[in-house]
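Participant: Got a structure for you, written out below as structure tokens; questions coming shortly.
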């Protein structure tokens, strides 16, 4: 008896998910495999991917346009939360997984499947993200994970696929594993596993090299309403269009490349190469506007909770109660994050050079100036410092005694 009768497989067209189709049927006795591929703005033509799944043995090959919900329901909350895992990675890949899992469950319900499946390996983060999201949304559905159990190396998986008539999507000349969506690209494997090998220019697609980037700086203005980016240089754009334009501008100037060592959920360290020009640009601008519009104690607390928020998303806990509670805090603070930020793009840099908020700025020039317009009560500082330093004086006196 097979492990399931009808399975919906999260499908990308890559090695692992392609090999999963014949493997589920031939090795695990699954009667019917239906694939689902998500359009997340990766720019690929998805019809060849759909046909590839059918050629590999899928009974149905479904494609869903998830670009708008990806941006509205996942990217924008990440921008409002200034989400940077370990202070650097803006979660461009991690944000896509709960959305794909949610859609996978919906498709499974629609077609009457008794299981879902994915092609994640046993040492990556995505297996955790898919499994936890599916468990939170549909604990009754079985989750099949052939790539976690088959013990095949990448080369062996490619060979298995070729025996089943599946052409290999990579070659010895291009050994990299690449994941991409509207928010960015992640590149790993191959020569990049040597930590001292610089990523070759050929692995990048969204960003110019420093040499190729324009020498002339470009100043842009990003406008925000309630924490959401809504316009660039005064031109209002829908959320998807704004991300695309941010990608174009930042990428043209070579901003948005990351080469980092990352702590995976499963406990190992890995080298990750990312291109996330637009997302990093928008987070930087958003952070700056918050520094102008949020009270100091709110800002300090938010910075702490941002790290927690990013860790939850990275670790696959998008649908957790704690993540939901943190969303409430983030959303409440964004009421005041209205205004614009001016950024100078040049040769891989994005430097904030201006910020303003007509309605919510907490910067009072008469308080901050050292000029003749200064109306800060300097005499009040002496009493404040005395009270503020009282615990230190009492502690010092007790030690002397």
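The chain as shown is numbered from 1 upward.
Cβ atoms here come from the backbone N, Cα and C positions, even for glycine.
So Swiss-Prot says this about it:
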BINDING   10, 11, 12, 13, 14, 15, 16, 17, 18, 38, 119  ATP binding site
BINDING   89, 125, 129, 177, 186, 262, 274  L-citrulline binding site
BINDING   121, 125, 126  L-aspartate binding site
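For the listed features, I'd like the structural context: burial, neighbours, distances.
Facilitator: For residue 119 (ATP binding site), the same-chain residues that are 6 or more apart in sequence and have a Cβ closer than 8 Å to its Cβ are 9, 10, 11, 12, 14, 16, 17, 19, 20, 146, 147.
Residue 262 (L-citrulline binding site) falls within a strand segment according to DSSP.
Its own atom aside, the Cβ of residue 126 (L-aspartate binding site) has 21 Cβ atoms within 10 angstroms in the protein chains shown.
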Participant: Ranking the binding-site residues 89, 274 by other Cβ atoms within 10 Å, which is at the bottom?
Facilitator: 89
Participant: Give me the count of other Cβ atoms within 10 A of the Cβ belonging to residue 18 (ATP binding site).
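Facilitator: Other Cβ atoms found within 10 Å: 31.
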Participant: Given residue 18 (ATP binding site) and residue 121 (L-aspartate binding site), what distance in Å do their CA atoms have, once rounded to a whole number?
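Facilitator: Computed Cα spacing between residue 18 (ATP binding site) and residue 121 (L-aspartate binding site) is 13 Å.
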Participant: Express the distance between the Cα positions of residue 126 (L-aspartate binding site) and residue 177 (L-citrulline binding site) as a whole number of Å.
Facilitator: 14
Participant: Specify all same-chain residues, apart from the site residues 121, 125, 126, whose Cβ lies within 8 angstroms of the center of the Cβ atoms of the L-aspartate site, ordered by sequence.
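Facilitator: My list of surrounding residues reads 120, 123, 124, 127, 128, 129.
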Participant: Tell me the coarse DSSP state (helix, strand, coil) of residue 125 (L-citrulline binding site).
Facilitator: coil
Participant: Non-local Cβ contacts of residue 121 (L-aspartate binding site) (under 8 Å, 6 or more apart, same chain)?
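Facilitator: Correct list: 16, 127, 147, 148.
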